[in-house]
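Enquirer: Straight from TrEMBL, here's the annotation block:
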TRANSMEM  B:21-43  transmembrane segment
TRANSMEM  B:49-77  transmembrane segment
TRANSMEM  B:98-120  transmembrane segment
TRANSMEM  B:126-149  transmembrane segment
TRANSMEM  B:161-179  transmembrane segment
TRANSMEM  B:208-226  transmembrane segment
Amino acid sequence: MIQVENLEFQYPGNDSPTLKGLNFEIDKGEVFGFLGPSGAGKSTTQKVLYKILNGYRGSVWIDGKDLSGWDNTYFGKIGVGFELPNHYLKLTGRENMDLFASFYPDGRKQKVEELFEMVDLQEALNKRVEAYSKGMKMRLNFIRAIQHNPDILFLDEPTAGLDPVNAHKIKQHILDLKAAGKTIFVTTHNMNTADEICDRVSFIVDGELKTTDSPQKLKSQYGKEAIRVELKDGRMEEFPLDKLGENTAFLTFIKQAEVKHIQTLEASLEEVFIQITGKSLVS
Amino acid sequence: MKKILRLALIDFKIIFRDPSLRVFLVLPVILFVLIVWLVPYLVAKYEFLVPYLSLMLVGAVIENTQMYSFISSMVLIDEKETNVAKTYGVVPLTKRQYILSRMLIPYLFTVALNVILFWVQPFFTIGWGTNLILSLLAGLVVPVYVLAINAIAENRMQGMVYVKAFNLLVLVPIVAFFVPDNFKHLFGIFPTHWVFQSVNNATLGLPFGWLAAIGFLFFGVLLWWVSKLFIRKHFV
Ligand SMILES: Nc1ncnc2c1ncn2[C@@H]1O[C@H](COP(=O)(O)OP(=O)(O)OP(=O)(O)O)[C@@H](O)[C@H]1O
Ligand SMILES: [Mg+2]
């Protein structure tokens, strides 16, 4: 669906490039994530892909067609969830949604009430956006991005500024969209978000991709596929996950005293990130 | 066309819900009161004002363009500052369509104001054809002004400063009325000069076609140029 080769981009006026030759591809129906610290170039990459920034080098193919060859129909095909809330404050949530829906040839695919309900905003439908909290505005960003039923979604930090309950809801909706066959490109500096929703992630630091793989593979590659069992009497031992149920040493061990704690030795995505890039996600 | 109209109407909502913009809608009303009642009263009382009547009309015509120039400039600066402008960069609407939809109502509204002004002013007889040509020409100040302000201002504060500067700038060619005749077209580097001279000639019953033609051409080129600058900046 999306193929990117040697993508380089430099902001006019800067003296070094922000993106230094990125290579990645995103398959149809995949949730693909960019995980990286602030300033890594996540938003910049998306801005190139949704054609706000021109003058990149390298090649970008969308649906088999060169990005620069796409005309305005491209924008009917994609949906963009911006990093920061951006709405007309003097208009209501519904008026904002209606206005932007009106630019698409086929309009909106779902009732506006349903969309607001999806993200728990039904009470705010007819309120002016100036009366919304930041989290509410971000949820409005999300439903505006999906209202015309686009094939490709660019979601820049879709859970930033949301409380855990709402963040969870948005993540669930992203998975639903994936199930409906959408191609989804998310950016995040939150490893949990990446871990929970992405089929594959790329680690991006200083405009370079350090690795790309599924969160599961990365975690097991850099951790141990094993568990550590701690008993109440203080004894502690490690056992491989493989055939654990048939491992007599393990079964005997847990019968010797009450179990205090069992922990997997899989690395967290954040630990993997630090090992691979030598950088922390929170700078 | 439907989407263009939709966007044009949204602007009205935004203006009417913003007290700081809404107040400016009374400007033309004040202007009409001045032209229809106060000026005739003064002229009757102080006869030495009579030669300046056409100049006053020129001033009124240009002031009519300033209301929407200001309001629209502010709406667009606000839209940029709140990042809403970015959203227009990712919808299936061409940038030219966007400009058309944002400028159409301010332009037509301003044209209408001037048509009414030429119609109700009690000093000169101005035919409908002349009225329309002059009004269509003067209205072009609005889009050029608004797009230029938005192409150069980085934020609301700067916007206000440029608005003040532009308010003066559009009036500069008034000076042409006070210099010897063979120098007056030196002020032709200011586009509003051609509006002023057209109006002036029309009120005096002199030919104004070529003056207006230069005006349309000048504003047309400017509009094309500032649109380009604006597009480069507004949606990023
Ligand atoms: N308009 C701009 N002009 C010049 N430089 C810019 C511009 N926007 C971003 N940059 C620079 O490009 C780099 C990457 O920025 P970008 O916004 O892509 O980072 P990010 O990974 O999205 O970070 P965050 O997690 O903070 O959103 C930064 O060093 C930033 O300073
Ligand atoms: Mg970003």
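Placement of Cβ uses the backbone N, Cα and C atoms for every residue, glycine included.
Each of these features: where is it, how hidden is it, and who are its neighbours?
Expert: Same-chain residues lying 6 or more positions outside the transmembrane segment (B:126-149) and placing a CB less than 8 Å from one of its CB atoms are 61-62, 64-65, 68-69, 72-73, 76-77, 99, 103, 106-108, 110-112, 114-115, 118-119, 159, 162-163, 166, 170, 191-192, 194-195, 198-199, 202-203, 208, 212, 215-216, 219-220, 222-223, 226-227, 229-230.
Under 8 Å from some Cβ of the transmembrane segment (B:161-179) lie the Cβ atoms of residues 55, 58-59, 62, 65-66, 69-70, 73, 141, 145, 148-149, 152-153, 185-187, 190, 192-193, 196-197, 200, all in the same chain and six or more residues away from its ends.
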Enquirer: Do any residues, 6 or more residues outside the transmembrane segment (B:98-120), come within under 8 Å Cβ-to-Cβ of it, and if so which ones?
Expert: 3-9, 11-12, 28, 31-32, 35-36, 57, 60-61, 64-65, 67-69, 71-72, 76, 88, 126, 130-132, 134-136, 138-143, 146-147, 227, 230-231
